[in-house]
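Some features that Swiss-Prot has for this protein:
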ACT_SITE  Ser218  active site, charge relay system
ACT_SITE  Ser218  active site, acyl-ester intermediate
ACT_SITE  Asp286  active site, charge relay system
ACT_SITE  His323  active site, charge relay system
REGION    381-403  region 'Disordered'
COMPBIAS  392-403  compositional bias 'Acidic residues'
Amino acid sequence: MASRWRELHGSGHWDGLLDPLDVDLRRCLITYGEMIMATYEAFIGEHRSPNAGMCRYRRADLFRRVDVSHPGWYAATRYIYATANADVHGKVLLRPLCREGRATECNWMGYVAVATDEGAAALGRRDIVVAWRGTQRALEWVADLKLAPASAAGILGPEGADGTDPSVHRGYLSLYTSEDQCSELNKQSARMQVLTEIARLMDKYKDEETSITVIGHSLGATLATLNAADIAANSYNTSSLSPSGETRAPVTAVVFGSPRTGDRGFRDAFHRLRDLRMLRVRNRPDRIPHYPPVGYADVGVELLIDTRLSPFLRRHGSESQSHDLECHLHGVAGWHGDHRGFELVVDRDVALVNKFDDCLADEYPVPVRWKVHHNKSMVKGPDGRWVLQDHEPDDDDDDDDDD
């Protein structure tokens, strides 16, 4: 993949790579999909925990503790925390039952990572990744967010000042741009946390060939769409130390199961950004990508798959099955089009589709929702009492300037 990275990241708008689906592109998409899955695996979703809404692991240990194929290829450099206005907060953010929790008004929403030396050698460049956490829930969350559109001019730079006033979903924009000066984790908006870190990494690696890849699933896909447009529109893909911003890193968004983010004006502004590409993976039976149904437009190049053709999955799967990220990755591994059958070109373990759901056909001896932390992170102490230990403190919680 190292010699083809520009092609795989959309330099030619993926012409000739989608039907049939290129095997290197399959592997590339699965790698990024696993990096999104890391946000689900590491998120503390237990309401009773005082750490609910936080990340379970330290940045230094993240890729070693989650299920990714290449844990040595990237290092997490910053965690992202997001809050939102009252109309959105209770619908998509988790609040711990314990009011002493640190994430009572915000949630961990992902991370920024950069390719290590090992990863840069394998990938052909120094790749900077922004991974946004989404939701594995099906239709109810996106249907709940029936909010009016809001102007996207603030994130589109000059492209947003052309008189067309492009608009995006107010709820997604709120998650991306809201801050809380009373929060130790969200004094900066998620937007500024990411842009500040991107700028730092672009300066740090100004003498190397770099790329910026923004990834997400479901709700995270909408945030990735906003973030990728923001980076390209406001020239965060250049180093402030390079004369005249002469070196511009390509920005690519890779999203799975994405709802629509903005209107036609936003779509047109997105497509005019010369350094920006987007590949949107859609599973045909998934209804989430059709929301909101009116007034919004699809963005980027679509890769359509249909996991109903897989012989490994339940024939009449649930709505959550069609939206499940692991099922999307299963589809990427084996999809050959409507009339070519289904065969796993990439040897991806079918047991993974039952990690957080009940998707695998009954003849396979794999328990449903088998990804459970040992004893749900309850640890027996020397005094014989059990206590919850589900969070490793991270320097990023307190120090915004850590390298």
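Cβ coordinates are placed from backbone N, Cα and C, and glycine is handled just like the others.
In the three-state DSSP assignment, the secondary structure recorded for His323 (active site, charge relay system) is helix. Across the fold, the C-alpha of Asp286 (active site, charge relay system) and the C-alpha of Ser218 (active site, charge relay system) stand 11 Å from each other.
In this structure the alpha carbons, written CA, of His323 (active site, charge relay system) and Ser218 (active site, charge relay system) are 8 Å apart. If you draw a 10 Å sphere around the CB of His323 (active site, charge relay system), it holds 27 other CB atoms from the protein chains shown.
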